[in-house]
Amino acid sequence: MTEFRAGSCQDGRERSARRFSLTPDEETPRKSQTDCHHRQTEQPSVEEREREGEKRERQSSRAWRKRERRWEVEREGETDRERNRAAERGRREREGGRERGRERERETEQPSVEGKREKEEGGERQTERETEQPSVEGEREREEKRERENRAAERGRREREGEERERETEQPSVEGEREKEKREREKEQPSVEGEREKEKREREKQSSRAWKERERRRRERERNRAAERGRREREGEEREREKQQGSMEGERERRRREREKQSSRVWEEERKRAIKKRERRRRERERGERGGEQGKRERERKRGGGEEIERENREREGREERGRGKREREGGEEEREGEKGGDRGEERIERG
């Protein structure tokens, strides 16, 4: 759509852009008295032309749908009017038939007094027909009036349809082709809806089959999980029994190793203490020997013979060393005997 935009006036006043549109009772754009005299016209761009074409297409499709709906309503109204007219004719025929039937019954019941009754009732029927005549004529007039109005409405509808068809033929051929394709698609709509309904039913069947298959697989998975749980429980019980047996054997082995370690530790400590003691005595002897010959002689003289004393000292140290080695050997044998006895006691307890 072409837009008119106001620019800056020469006197420096800034004016905002204004959009002009046609009103139903105008043929030219409205112009304000305060508009600037130098305005620029912009040519529509490609995008605007495309948008306008899409808009016209939508409007034409909407107009077609509106016409379809209007025709359908008019067809329904015409069928309703035909139905009403047929019902009215049937009602009148039934009333006329009932009236003729009553007259025949009266004629068969009273043939002798027919002339007299005719004479008496002739005037009454005449007056009744005269009184009923205006209502029947009014009904006919109303019916004719409705028919004239319907014919006028039909003529107006046909004229409007002709004008719309002429306008449609004046539109570009591309839009006409699109409109024709759209009408064909709308005509084909029922078949498409039938296909969709068929596809929907097929999907429902497929979904029911898939649901059954899923249920079967779920039950199979549950059975497999239950079997797996049972197998794991059995394996766990077996492992627990093996673990208990292994723990008992491992406990015996651990105790034995602990005893061996303890005995070896005690023996090592005793050996270290003996070594330290020997070293201490050796150092003391060396210090005594380094005391000098004079001191030694003095000590020997005081004791009354140094050689005997020295010999006795050596013998005493030898006896002490032998006794200490014997005690160490006896202590090691006792520890080993104690370990053997402890193992035998544990075996007896386990067998018991």
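All positions are counted from 1 along the displayed chain.
Every residue, even glycine, has its Cβ placed from backbone N, Cα and C.
Per TrEMBL, compositional bias 'Basic and acidic residues' is recorded for 27-60, 69-214, 221-272, 285-330, 337-352. The annotation compositional bias 'Basic residues' is assigned in TrEMBL to 273-284. Taken from TrEMBL, the feature region 'Disordered' covers 1-352.
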The compositional bias 'Basic residues' (273-284), counted residue by residue under DSSP: helix, strand, coil: 12 helix, 0 strand, 0 coil
Number of helical, extended and coil residues in the compositional bias 'Basic and acidic residues' (221-272), per DSSP: 52 helix, 0 strand, 0 coil
